[in-house]
Amino acid sequence: QERTLRCLLLASALCLAGCDSNQSKLLGSADPRPGAALRVERSPAACLPNPCQHQGKCQLLEDSLPVCSCKPGFTGPLCQDVVMKLACKEDHMKMMVRKEVFEHLRIPLELVHLRSRACRVSESREEGQLFWAATLTRENYTACGSLIQQNSSHVSYCNGIESEWAAGTEVISRRAQLRVDFSCIYTYEEVVKLPFALTAVDKLVQFVVREEHINISMRLYRSPAYLQPYQLPATAIPITATLYVLLRAEGQQQLRHFQLSAEECWATASAAPDGGLRHSLIEEG
């Protein structure tokens, strides 16, 4: 009777300490022998309220803290992070976020973009999983709002996938907003070496220089097709007419290596190029 009384008193003390919060459960031992003890088991109430975010499932393992089982698209100890992939390649940068993330947050595809709203995302399949992805190339990385930073050895390109509020008339909206920032860092100074040694060889190189004359012709035409030239000076040209001038290098086969450009062009009241009255048409190219 004395042993039974002591056991009841112990049970009452533990119940006073734990029954109010309902966090512990007492298990009585079936062994009536002296020295039999009571064992405390963790209650499933440790998952209440659910510490897992984004509708993650809370599970309680023996002698451990609550463990979260995350829905597809989420990760982390409390399912607080999203599953994403980032590819930093030589010619492009590709950012991908699991499609289930946007479906869970009820965000439609047309509201998701990069920092610039003009750069939208699209659906992409990678390794059997669906992602909403955005690709940056050398043609659009500045137009899409990328932030470029550099130091003495590296350059980084920063951007982000984000969603915007949908225009609506409802007073309360349960649609969430999402923003996932990403960065690709590249080195622009690197030391490389040849896989073999170089052997110096003396070689005599001679250059031959020679002058050559190239014929340049200049004619006026009636249309931009340059098919009907004016026969000057016999033909009179109306003062309001548009003149089409054709400059052409003629003669030698080597002309394919040269480019002809007009640095200056002017009109005079006489046939002399250095006449007193001069009207400039082209200056400094």
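Here the Cβ of each residue, glycine as well, is placed from N, Cα and C on the backbone.
Less than 8 angstroms from the CB of C79 (disulfide bond) sit C52, Q53, H54, G56, C68, C70, K71, each of them six or more residues away in the same chain. The annotation disulfide bond is assigned in TrEMBL to C70-C79.
Annotation source TrEMBL lists domain 'EGF-like' at 43-80.
Here TrEMBL flags 87-285 as domain 'ZP'.
Annotated signal peptide per TrEMBL: 1-21, in sequence order.
The average pLDDT for the domain 'EGF-like' (43-80) in the predicted structure is 86.
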